[in-house]
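Here is what Swiss-Prot says about this protein:
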TRANSMEM  12-32  transmembrane segment
TRANSMEM  67-87  transmembrane segment
TRANSMEM  109-129  transmembrane segment
TRANSMEM  230-250  transmembrane segment
TRANSMEM  267-287  transmembrane segment
TRANSMEM  290-310  transmembrane segment
BINDING   323, 327, 350, 355, 362, 363, 402, 406, 407, 408, 409, 410, 417  NADP(+) binding site
TRANSMEM  349-369  transmembrane segment
TRANSMEM  376-396  transmembrane segment
């Protein structure tokens with residue numbers, strides 16, 4: 001059993017998160033009203049305003065929305081199996097094995113959205129599909145919340161299953177602490193699978209959340225057009241930036257197999273709720289706001305937001321590509337000139353290029369891109385800036401987890417490395 005070095009504040013912290021995240025995810029959307037986002041009276045009477053925008057509990061659920069969410073997941077599973085796929089291997093597990101993964105998230109995206117685009121061209125912007133998503137947004141979100149917690153419970157109970165002699169369930173080092181609340185949040189089993197190929201964590205890591213994010217962005221864009229008769233430059237930029245981000249992730253699906261989500265974290269509420277609810281329903285907050293309150297940026301505004309986006313992406317993708325190229329082949333001409341430090345374990349840590357600037361410089365680029373999404377909404381509401389604040393906190397927390405993991409892995413070599421690469425995320429500041 002793992003030690004009691006709990007994550008996320010231990011049983012109390014994870015328990016609180018599991019209680020408050022679902023209502024937070026709902027209320028940020030409830031507060032976008034026809035009179036403002038939030039309505040003017042919120043600042044003088046927040047509790048009364050929250051009460052007034054709260055729908056009845058029963059109205060948050062519907063059978064058709066639940067069936068729609070189920071159909072969405074079944075479709076993604078079917079496309080994962082049916083479409084051509086790159087077969088990639090994961091990292092070596094503690095039993096010496098390496099799992100194989102079907103990587104075709106990008107192809108799935110192309111097939112899925114090509115179909116939706118074709119239907120929209122044929123049926124026009126009044127096609128029922130788009131209005132269904134926006135009119136039943138809260139019900140779809142509630143169904144996804146229930147699904148994520150139910151799936152979390154199933155994989156948690158399943159992690160205790162007996163195994164044939166000589167085999168064992170491979171558990172997550174951070175989700176195997178012996179406390180049910182904490183382990184339920186973190187995820188006890190590392191790589192739960194159904195059959196040989198259906199890796200439940202891989203399925204959720206990119207597909208339902210990221211594709212759902214773009215799906216709702218487009219739905220709110222159609223809503224803006226049907227309501228106001230135009231599509232604003234701001235919502236076009238939101239769609240371009242966020243679709244770009246998603247496509248980049250889907251295209252690089254095999255590279256996700258070496259990230260902490262896959263190699264270290266178990267599959268629990270944190271990843272399942274995050275990918276089934278938080279990403280698709282919270283990350284579309286900018287498009288949701290702009291559907292009701294269009295913002296016209298003009299040429300100068302567009303240029304400014306584009307500059308922020310391109311700067312962030314150059315750092316984010318440049319750093320990640322450099323790291324992946326070095327890991328794959330240090331002799332590659334693109335990275336062979338980079339300086340590195342060799343640890344006692346034989347690992348090589350980059351100390352020049354992007355990775356000589358900061359130890360997690362890719363997080364800095366990611367956060368800059370988050371600013372570009374929020375800036376498209378102007379400065380008339382704080383709600384749409386929730387994303388950049390939350391994302392900054394997330395990256396700081398992930399940085400601390402990464403640092404602890406690396407210090408445990410490399411020991412004194414990590415201290416030596418930190419003296420060379422002094423900054424953690426933002427050079428000169430942090």
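For all residues, glycine too, the Cβ spot is worked out from N, Cα and C.
The structure, with features from Swiss-Prot marked on it.
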residue: 323; record: NADP(+) binding site; CB count, 10 Å: 19
residue: 350; record: NADP(+) binding site; CB count, 10 Å: 22
residue: 362; record: NADP(+) binding site; CB count, 10 Å: 22
residue: 402; record: NADP(+) binding site; CB count, 10 Å: 16
residue: 407; record: NADP(+) binding site; CB count, 10 Å: 15
residue: 409; record: NADP(+) binding site; CB count, 10 Å: 12
residue: 417; record: NADP(+) binding site; CB count, 10 Å: 19
Annotated stretches the transmembrane segment (267-287) and the transmembrane segment (109-129) touching (3 or more Cβ pairs under 8 Å): no
NADP(+) site span - longest C-alpha distance across 323, 327, 350, 355, 362, 363, 402, 406, 407, 408, 409, 410, 417, in Å: 22
For the transmembrane segment (290-310), distant same-chain residues with Cβ under 8 A (at least six beyond the ends): 32, 34, 37, 134, 220-221, 223-224, 227-228, 230, 232-235, 237-238, 241, 368-369, 371-372, 375-378, 380-381
Residues of the parent chain within Cβ reach of the transmembrane segment (12-32), under 8 Å, 6 or more residues beyond its termini: 6, 38-39, 42, 49-50, 53-55, 60, 137-138, 141-142, 145, 149, 181-182, 184-186, 269, 273, 277-278, 281-282, 285, 288-289, 292, 383, 386
Per DSSP, three-state class assigned to residue 409 (NADP(+) binding site): helix
